[in-house]
Amino acid sequence: MEPGKETAATSEQKPRPTLRASNTNRQPKVKRRKKDLEELKKEVVMDDHKLTLDELSAKYSVDLTKGLSVTDAQEILTLNGPNVLTPPPTTPEWIKFCKQLFGGFSLLLWTGSLLCFLAYGIHVSYYQENANKDNLYLGIVLSAVVIITGCFSYYQEAKSSKIMESFKTMVPQQALVIRDGEKMQINVRDVVLGDLVEVKGGDQVPADIRVIAAQGCKVDNSSLTGESEPQSRCPDCTHENPLETRNIIFFSTNCVEGTARGVVIATGDHTVMGRIASLTSGLTMGKTPIATEIEHFIHIITAVAVFLGVTFFFLSLILGYTWLDAVIFLIGIIVANVPEGLLATVTVCLTLTAKRMARKNCLVKNLEAVETLGSTSTICSDKTGTLTQNRMTVAHLWFDKTVYEADTSEEQTTGKTFPKSSDTWFYLARIAGLCNRADFKPHQESLPITKRTTTGDASESALLKFIEQSYSPVSEMRQKNPKVAEIPFNSTNKYQMSIHLLEDNSEAHVLLMKGAPERILDFCSSFLLNGQEYPMDEEMKTDFQNAYIELGGLGERVLGFCFLNLPSNFSKGFQFNTEELNFPMENLCFAGLISMIDPPRTAVPDAVSKCRSAGIKVIMVTGDHPITAKAIAKSVGIISEANETAEDIAARLNISISQVSNKSIKAIVVHGSELKDMDSGQLDNILKSYKEIVFARTSPQQKLIIVEGCQRLGAIVAVTGDGVNDSPALKKADIGIAMGITGSDVSKQAADMILLDDNFASIVTGVEEGRLIFDNLKKSIAYTLTSNIPEITPFLLFIVLSIPLPLGTITILCIDLGTDMVPAISLAYETPESDIMKRLPRNPKTDNLVNDRLIGMAYGQIGMIQALAGFFTYFVILAENGFKPLDLLGIRLYWDDTNLNDLEDTYGQQWTYEQRKVVEFTCQTAFFISIVIVQWADLIICKTRRNSLFKQGMKNKVLIFGLLEETILAACLSYIPGMDVALRMYPLKINWWFCALPYSVLIFIYDEVRKLIIRRRPGGWLEKETYY
């Protein structure tokens, strides 16, 4: 967070304000909340790190030796409130449950249900005791479907808002403060502005503190800034940016070693962490792409239903029906258009995919996020722990004037090696192992060295593991060469020195040193080459400088190593004084350089390459140093070999950056300080203009601004991260992806998905599954909607031609919630038709889940053939029973007259009302069976949208089971005794099953020919009109 940018003083806490201003300028709550959120997005104004100690003391009215008085502290606590984070307003569980019951598709089904109850009510009031109860049953079933599906969805997604709870777990419980000159342990809630606080290794920092004294203090800022290495702290202001200066320690970060004393400059919500917490909890998430698609689908279905309903309402009035009958028809047509089983089908399909993804280490917290990942067009990825292994590892060595590469892979299996027989390596390894404060935690002997946990900072731990693996057990080395004196590393000296007794001469001592390479070289007057000592010369200094620049340019942390065999007068028992040096610290012998980096994960380069093939832009957004960020970006392929930054081109051509042509720049590394001064238009221009982008040294607010910039340009954005600093961006993203192992609780709560193995490569798997489920949902919806036409047309012809009802309401329910359900769900198991990772991400504005082409295919083509099959069977059965098709026209009023028991058929036979109804229900059963038979073909053709079935094959076992299940269920509904009473379904003659079979074959042949033409003439008329 950079100073110098004027913001409202919302982050400024006053230790001694005299009164609280009343809020006379009252604004509407929503506007005020939006304004507060915009303030939180801005960088914090802070100048405490620049103040002298006297100015600091005066600003906070505190004695820097004795601290605040107990009375003053109590006054400030009363005025400013406790040092806690304000919990956000949480959504009650009952509201979440209601959203599942009444949101999206459920609303359509509730409308259908209410219309059914209305129709039944009208029937009851008109027909009294003879009222048809079909609409009552349909209304009850629709309500039950919504409630059961809603409960299922709520159960799948049930998660309380625990974002602030996870922040609370990060807050330390006790703090050591100095008040009235006395040290006292107090509850962290009671820490106030201006308090003098002491922090030691192992403590969590209780507030934002300006350091006034420190001894070897290092803090782990990784959760805030993304820096993977502990940062040293001292009283001096070392940077304009308060996040980068060394004299401030932040609330909830960990002090890993040393001690520090300082003055509290911010508490609770006003701390950097508090602002992130407020920002995260204040953000609202937009609709997921799949929610938008379902809303679009509802609009289409509603429009079709209302259009048909209103059209036939007026048509029925024209044909002479009463207005009461016309209203009943209107309601019936609208309800018939509602695909009752689709809500359950979509929910189950998403759930199945979520479970499949969980087996591949992608834990989805929100079902709709399953598809969102497939729609992703931009991934904003954190570096530390996501693209990298989150462990410092030795990457290169430089000794004997040669750079050697070490094995940085997670499995240590690349076989990279270096000359371990060199005497120089013998010295270098001993210095790295002995002049080292890191150690292995006990009882880990059975674990591989790379998997063992250590005590000590990241760089020393990396050296410890490397020496243990490449040289010899460090513990044995330390036993044989006991340490007798030490000067720990500090930011002023920039070196660490230790003195040891020699293994082969127990009376002599050796002085070992490591640290910043330029400092180490200053101590040296000689150097080792192939184990021999030579005087330091200009050639060696030039070689050293070149190696240092090369390794530093790779974004690696470079350390220099040297030693000195102390003269014989420093024999065993000599009392070394490290305060007032009584031993030589010059004329040391330079041994070499070792560089370390947090290396990329093995699978990441391949994953980034797959993302690029899939048309997904991968942007690195990190708090780490630009050189390190750029090096990792190049090693994983975020910046590809073919593309160069302006700096790369300038260096290659030996020209200034201003002379580089903008057309030749394809990649860019943007520093947080540059981003701070950009407006949204400039940021948008960078996001549009460059293919490969790295943002380095970014603050949490800037990460959020980058995500919002991508979304402004129409991208579906996925954000990956593991730290607290990532949580605002994770929540704002279309899909937030947190790390399961290294991720903080806060990031996991803010995210929609968790990578259980912390592997960026798992995201590619998730994208593939997301794209596949979108394709398969299209197929499921196409299959489900097709049967709507043979369900609606009987009702329409019943009105227009006044024939006996060909298909009843109960039978429609048996299709939608019975025979169609398992086959529709089985399409979720369908394998992709082609490499779905080779195509561009779908355009949410044009590539809809349900489009006019899908509706045209389902309703206008396949659905019509299915309706013909049903009517053919219907008319065959009635003809066999004596009623020829032409004689059925206009017969409905007589057919449904309960008092007419001598209705004559075509041949003069008389039929009672009961006999007519048995034939009618038999026809309805046959119509139902016909739909099942033509749905066989529909299911098979829905397996693919472009490929031939003969290429795709019938390997989907769940789909084969679905075919068998719907056939057996249809047979059971027809032939089980009692169904004539329960569902008005009657047994059929076997030959009536075959009436629809030719239509089923016709559907299959028609669709295979259509797909063949589409494949032969890509982009042609047929593809434009029918490829959904």
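Just so it is clear, glycine is given a Cβ too, placed from its N, Cα and C backbone atoms.
A quick note: this is a predicted structure, and the numbers were derived from the prediction, not measured.
Looking up the ranges 849-871, 872-894 in Swiss-Prot, the one annotated as transmembrane segment turns out to be 849-871. Membrane topology of Lys955 relative to Tyr1027, as recorded in Swiss-Prot: same side. Tertiary proximity for the transmembrane segment (957-975) is limited to same-chain residues at least six positions away from its ends with a CB under 8 Å from its CB atoms, namely 814, 818-820, 822-827, 829-830, 925, 928-929, 932, 935-936, 939, 943, 983, 985-988. Sequence-distant contacts of the transmembrane segment (924-943), counting only residues of its own chain at least 6 positions beyond either end whose CB sits under 8 Å from a CB of the stretch, comprise 779-780, 782-783, 786-787, 790-791, 794, 805-808, 811, 814-815, 819-820, 823, 826-827, 830, 862, 865-866, 869-874, 877, 949, 952, 956, 959, 962-963, 966-967, 970, 973-974, 984-986, 988, 992-993, 995-997, 999-1001, 1003-1004, 1007-1008.
For the transmembrane segment (808-828), same-chain residues at least 6 beyond its ends with a Cβ under 8 Å from one of its own Cβ atoms are 134-135, 137-138, 141, 145, 332, 336, 339-342, 344-345, 348-349, 352-353, 773, 776-777, 779-780, 783-784, 787, 791, 921, 924-925, 927-928, 931-932, 935, 939, 942-943, 956, 958-959, 961-963, 965-966, 969-970, 973, 983-985. A straight line from the CA of Asp382 (active site, 4-aspartylphosphate intermediate) to the CA of Asp726 (Mg(2+) binding site) spans 8 Å. When secondary structure is read from DSSP and collapsed to three states, Asp726 (Mg(2+) binding site) falls in the helix class. Counting C-beta pairs under 8 angstroms (sequence separation of 6 or more), the transmembrane segment (295-314) reaches the transmembrane segment (849-871) with 3 or more such pairs.
Every protein chain shown contributes to the tally, and the Cβ of Asp382 (active site, 4-aspartylphosphate intermediate) ends up with 31 other Cβ atoms within 10 Å. Listed binding-site residues: Asp722, Asp726. The one with the lowest count of other Cβ atoms within 10 Å of its Cβ is Asp722.
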